[in-house]
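Annotation source TrEMBL lists domain 'Cation efflux protein transmembrane' at 164-360. Look at TrEMBL and you will find 1-22 tagged as region 'Disordered'. What TrEMBL lists as transmembrane segment is 160-182, 188-209, 230-250, 270-288, 309-327, 339-363.
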Amino acid sequence: MPAARRHLLPNGNAAKNNRRRDDLESGYLDSRQYRFKDIVNATINRNRAQDIKKQLLSGTDHRAFETYRKSDEEIKALPSKKLRKFYDDQNDKIDDWVEVDALVLALADDVIDSMHPLDLDHDGVHENGGPLQGTNESIEPFLPQEEREKRIKSRRRAKWAININVIANILLLIAKIVAIAYTDSLSLLASLVDSALDLLCTMIVWSTNRLVNWRLSKLQAKFPVGRKRLEPIGILVFSVIMVISFMQVAKESIDKITPHLPTEATSLPMVAIGSMAATIGLKGVIWFGCIPIKSTQVQALAQDCKTDVFFNTLSLLFPLVGAHIPYPVGPLLDPVGALLLSLFIIYDWGHTCLMTILALTGIQASDRTWSRIIFLAYRFSVIDSIKGFKSIKSYQAGDGTWVEIDLIMDEEQKVRTAHDVAETLQYVCEGLPEVDRAFVTVDYMSQGPAGHSLEST
């Protein structure tokens, strides 16, 4: 077989075809012009990224925070309570600043390196992607190890807390159903209703947690920004059910008191006393176990367990004490106690309902969250291309916080630099545990439209 094809020239002579054939399996070969442009662009991008990194790294004295920190011994030695509180709050603020600073140092370089993936052979596929492309846009792998381990541990503990609470509520509900068969105590009936609703609450929290964590492609298409707001909606639904149910218990208590006062006190058998005591003990253990887990779901369960401890203690005491007090006070203690407990539950869960509604409708974020976001913006202000901040907004969208930041840059600034700085700030802001979503826009003047129409607010 000849090494190269031959073509007959018009004069009849044969000549070699020296054109190099393309290897279709490896893709089309790049021209030297393409390869030279790639090298130049990669160098420019790398230098620009390194410049932004250096400014973020050297823009703050990371050890300066600690000079303002007071030790626990120094704070305890202060004579004024207000002064002790001031330095406690200052230490908390320093902790927040150190955490935000560590987040900037850990995330910014990986985000910047992800901005310009290289398509070396110009076939539309970026062979040399960035760190974010390698993690499918997840920023958790780039967090400081301590913060990453803390979040993983928190999720694991939240899962355990929910599962244990489900089992506990099922067992306690069965015990109270058995106990209510031996007595007609309204206080115990209120406790039974509370246990039934506890189980419902736990199932709502568990199911919404499962829905939020499902990564099905169909669900992701229908909910493009995720389903995290299902969790507070579940709490909202449960709080409404709780309020309505205890309104009915309150009505039953009033019906027993009027039009004639009861003449005999309600007695509790040992089965009822045992089930109530078990409820108090078990719920107390779960309550203290849930306190350190900073998750809205688990904190709702902790609130419910705390309420159960006080609720069931009083539900047990009212009929027990009433049985030892003569007429007319003794017989009244059980229905009046059930009424008071019902009013307490209505108030407690009515407040939870209101707070959840405010969170879902965009109430301003907490002062502590606002302070952390302001400090994050300050950390990025050391970049030369940032001339200022036109506006910074933070508001709740369910459990998490959404942030809007409008940067001011020079009108002659290149789009590449503006994009790299703004998107890096956006990703780092979303690295804060309380922030679900951040939106960073760029302006070239401090005056002008606010960015949203009046009708959209």
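Backbone N, Cα and C define each Cβ position, glycine as well.
Residues 187, 190, 194, 229, 232-233, 235-236, 239-240, 242-243, 246-247, 249-250, 253-254, 257, 300, 303, 307, 311, 314-315, 395-399 of the same chain, all 6+ positions outside the transmembrane segment (339-363), place their C-beta atoms under 8 angstroms from a C-beta of that stretch. Using a Cβ-Cβ cut-off under 8 Å and counting only residues 6 or more beyond its ends in the same chain, the transmembrane segment (270-288) has close neighbours at 161, 164-165, 168, 171-172, 175-176, 178-180, 182-183, 185, 188, 191, 195, 301-302, 305-306, 308-309, 312-313, 315-316, 320. Long-range contacts of the transmembrane segment (160-182) within its own chain (CB-CB distance under 8 A, at least 6 residues past either end) are made by residues 188-189, 191-192, 195-196, 198-199, 202-203, 205-206, 209, 269, 271-272, 274-276, 278-279, 282-283, 286, 289-290, 293, 297-298, 301, 305.
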